[in-house]
């Protein structure tokens, strides 16, 4: 069985059979050589540049399919030419998850949480939408023929598993480009959604009820107290049932991280629940948030003329649509899953969203692209056809992870680098250089080839823009 680091750095190809260590090394040698040829002009341009040294380590989690390919391009063209990084690499591609019995996923999350690295960032892992089952990655036999690799059954979504090991809140926020039309034009300022990254439907047990009978919920205390039993429903025929939970510790961590982020941004904070219906379940979220606010944050918020407020979820959705933005919206797990996609489309595109998992103490951060692995583009890539894949969310995964490293280390030069790279992305798009998904928003669904760049051309355009922003710029030949 392969260890978490056996496959080395990521490859551009995905064999249909498990890769041996020898094959992996040959493949790595070939693809790294290929990558270096693609990136030659960037490396040549930076030959005389002293890379900025980042002493403390970061954890890198690699992923699958098209995001794995653009992840490597970003790393080679926008990161490694400028930064000397101490990277702890974990291959979370589905092949290596199979090979390690998914231990690699837990190892990567624990490395971030327990080793003082402070942050990680990852390329998206494979999320096959039509084949979800309780957040488990299930690949039915009839779909295996269409995959570019073999896979075993039942792997948890990487993000869900990491969130279980590293409890906290997933924050998603739009990347605003002035020339990208917004479906909700009234949104003038960003809205940051904080999604509670634990429990509820995502850690629930559900069942199909086959016939008449009584459904009960039973709690057996460990201390020997009397068993608590709730009558749920008296079934007269077939149906379905669901049992879910959450814990005070996680809800409190959710409140702390949400308030910490709102305070850092100097934005008001809203929590949305349906406590009028789920008086005890959602009511617990409302009560704990209020306790944390009163005990730790109220005076700090008031000093900066910001506030915390609880709202019913339906009222909050209506407010969000008619507001002009400029606040943090704390959502329960499922609500955050749904509303973050509303947010992305309202501002323009899922490809223009940041996504970070932040721990309650603010020390641990995981940054990722907010979208999946772009399977359709990967199929084109496998056939040797041109792709135009938006890499901005993946670039921001790098910048937000590195920005957190800079914050922990008090590394001002690293922070400035991340700001310049983000500015290079936005200014590249605003100059009219963009991938096809954004060009469609600007020019319509029948946009011609002259109005967009392919995957690598866009990253190269960002690289040239970044080069011009850095001290002692050297022209890219």
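Positions of Cβ are set from backbone N, Cα and C atoms, glycine also.
Per TrEMBL, the features are:
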- 57-462: domain 'Isopropylmalate dehydrogenase-like' (DOMAIN)
- 202: site 'Critical for catalysis' (SITE)
- 274: site 'Critical for catalysis' (SITE)
- 314, 337: Mn(2+) binding site (BINDING)
Residue 274 (site 'Critical for catalysis') versus residue 314 (Mn(2+) binding site) - Cα distance in angstrom: 8
Whole-number Å distance separating the Cα atoms of residue 202 (site 'Critical for catalysis') and residue 337 (Mn(2+) binding site) is 10
Take the Cβ of residue 274 (site 'Critical for catalysis') and count every other Cβ within 10 Å, whichever protein chain it belongs to. 16
Using a Cβ cut-off under 8 Å and a sequence separation of 6 or more, which residues in the same chain sit near residue 337 (Mn(2+) binding site)? 195
If you draw a 10 Å sphere around the Cβ of residue 202 (site 'Critical for catalysis'), how many other Cβ atoms fall inside it, taking every protein chain shown into account? 20
Other CB atoms within 10 A, centred on residue 314 (Mn(2+) binding site): 11
